Amino acid sequence: MHRPLFFLLGLHLSSTFASIIGPVITANFPDPSVVQVEDGDWYAFATNNGVYNVQIATSHDFENWTVLNQDALPNAGAWSDGTNVWAPDVREIDNTFVMYYAATIANGSTHCVGAATSKTVTGPYTPQDSPIACPVSQGGAIDPSGFVDTTGERWLVYKIDGNSLGHGGNCNNGIPPLTNTPILLQRMSSDGLTPIGSPTKILDRGDEDGPLVEAPSLVKVNGMYVLFYSRNCYAGPWYVVAHATSKSITGPYTKARNPDISTGFGPTGMLYAPGGMTVTADGKRMVFHADLGTDVNTRQMYIAYLDIIGDGQVIV
């Protein structure tokens, strides 16, 4: 049964649309991530656009962006078939830039998560010989995002792409029985390249999430772990930015009742299918995409300024 639109949008009473700016990149720039370098400049990275495996853009002030005419990851690695590079995430670790990304393996359909390194933020990045996570029997892995705790421990969150094994319908997982699409938390070595131990499931889809949860981005503010994620299908108006909170990095995480950014948000009320976001480590800035009109083939980059207060309440 379809719920009324006003309920699904779940507009946050404390939201101020002026905190959302954009589109700051009008070209197709999906699943953006962002990193700030020592001189204060910002760099954003995005899913392949059919020309470059990993797109790059730069900004001096976080609001005015220039897309660079180069590929940050021209070689996706020997473990990959070199195509369909999705959702890159860049972290600076001990004067080395580490890029996490998802790419298809040799069978041409299943994604796995890998890492690549560079001494410069724009690359080109050199891929590691083997993927970090490649659970083929579960549908593969996508949407990696790095996190460093206040203890100095490094972690990686990513999604098991279970809906790739679904039975059709909305994002291939709208026809029962629906498959799980868990978000996993993986402890990483100090250089961010080697997994330590087994991953832990910290979130999964429920009835309120439609066919999936994906695009995790983890921050810690005021002692609270805040896990941002997207839910529902990216190709429709129910795709939203949401979050869950926990006092422990391994959970349990409690989902917020209402989404943080939904279709209809924005200064003109014209956002459509917002999601695929990354939040900066201080929890104050976000980059995300939303469709140009209702065209899922052009996902433009927006920015938002956030406040995370109290026990993890998010104000956009």
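Every residue, even glycine, has its Cβ placed from backbone N, Cα and C.
What TrEMBL lists as signal peptide is 1-18.
Cβ-based neighbour count (10 Å, all protein chains) for Asp31 (active site, proton acceptor) stands at 30. Look at TrEMBL and you will find Asp31 tagged as active site, proton acceptor.
Note on Glu214 (active site, proton donor): other Cβ atoms within 10 Å of its Cβ, all shown chains, come to 28. Among the features that TrEMBL reports, active site, proton donor is placed at Glu214.
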Glu214 (active site, proton donor) and Asp31 (active site, proton acceptor), Cα-Cα, nearest whole angstrom: 11
